[in-house]
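Colleague: Take a look at the following structure, please.
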Amino acid sequence: MERRISSSLGNEASTRPRHSPAVLPEGTSTEDSATPVRSRARAKNSTFTLTFAAAAGGADPATGSSPGAASGSMRKGGGDRNFSGLWGGPRKKSSRTPTCPGERKPYVTPMKVLIRRAKEERRARQEAPCRVLEHPPANGLLVPHLVEVAHRVHRARERLLSGLASLVKGEAAIPVKRCRFCSEVHIGNIGHEIRTCEGPNSASRNSLHVWRPGTVRDVLGFPYCYHLFDRVGKPRVVHKEKYTVPRLPAILELCIQAGVDVERYPTKRRTRPVYSIDGRIADFELDDEDGSSEAETSPEAWSCQSPLPQTSSACTAHAGDRTEEITVREMSSRTLQSWLEMRSGGVRLMRKYGVVTCGYCPDVQVGPKGHKVRMCKASKHQQRDGQHAWQEATVDDIVPLNHVWHVRDPAGDSVPLANELKRYYGKAPAVVELCVRAGAPVPAQYRSMMRLDVVPPARDEYDLVA
């Protein structure tokens, strides 16, 4: 009986004129008729389906209600959204994956602190539109107590490059391996068999690396940035100057801005602080004595200059007889000490001199602001028109660690590291691993990371270890 009623009503609804008023089902008030046509049709179909099911089977076994109660609740609800049990429960919101490939780097300073600083700077600018900047290096002057630190960092960098070159290319050289398809580095005679390759066609190789001989650049690669002749007057490099402004290692640019003078990269040194007028920097210092050298310090002149020899190679050639008397163990200890000194000095310099990095790619820029060159190819770069998403950088951004696998007893490098035993291996920066292999003592801050207290089992004992 119920089937005949539902079919007849359905035929009547289908043969009804298009512009005629809709006939409401029995028990539906005029208030429910204000709902859209699609909602009313969905409610009518659900009502008839439930009425037919209740008439055929009696009460609903899931809810224990009578047919009249079920149809009444559906007529009152106006849709099948109240019957979540028929469709597997309500739809849940998908939780965001904590580690996404295109996720942005975490901020060094919390966002609330950055907002509060911006509000304080805006308030100070409104109270005094024209004022003299007092604190260096924002006023264009050098920080006096950091000039010597910058020179020590510069000298430590030169000693580090010279020591790494002797450890990698000398007579008692320690072999360095690098994967052909990714940036993985291994210190040893034989590359490891740990399946961590993410390069092209890695699935066909079961994520195994394809090793080839490495160089000093693979052990320690400094990211490059644009050189700023005037970091206060012109802190940004625009896209048109992409090929005219020279690029240099970021740690070297940081030392230059902090007080180190390099002949190849001239920079402007001020003797008086600059003014801030409505947030814009105004410099009233006369440049009469520097007027003749403007053509030499322009970006066009930089591109025409011939490259000068690096200081590291000159120091190595000058002190050739002295380096022959130093043993490999002493050389590795001095190299490791230079690396630690360079990182600690870089941290001190970055507390005063601004360094920014892209939130999605490893590009860095030393200065108060990031450049405007559209060269970002990381996640969401289409939304930014290829520009970088600049944020505060850390010392790991300008001096990358480049971690490698470490084993306490490599067994003469005759057996490669096994993928099954990777949880027993430690890790260390490539520079630290290279110097420790050469005989340098392990630094205290890397002992826990290198897992010196863990003895890895043999391959045939892997199943016997809990």
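Glycine residues also receive a Cβ, built from the backbone N, Cα and C atoms like all the rest.
The annotation compositional bias 'Polar residues' is assigned in TrEMBL to 1-14, 303-315. Annotation source TrEMBL lists region 'Disordered' at 1-106, 288-320. The feature compositional bias 'Low complexity' is assigned by TrEMBL to 46-73. Residues or ranges marked as domain 'APO' in TrEMBL: 178-264, 357-444.
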Colleague: Where does the mean pLDDT land for the domain 'APO' (178-264)?
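Modeller: A mean pLDDT of 94 is what the model gives the domain 'APO' (178-264).
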Colleague: By DSSP, what is the split of the domain 'APO' (178-264) into helix, strand and coil residues?
Modeller: 16 helix, 15 strand, 56 coil
Colleague: Helix, strand, coil: count each for the residues of the domain 'APO' (357-444), based on DSSP.
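Modeller: Tallying H, G and I as helix, E and B as strand, the rest coil: 22 helix, 16 strand, 50 coil.
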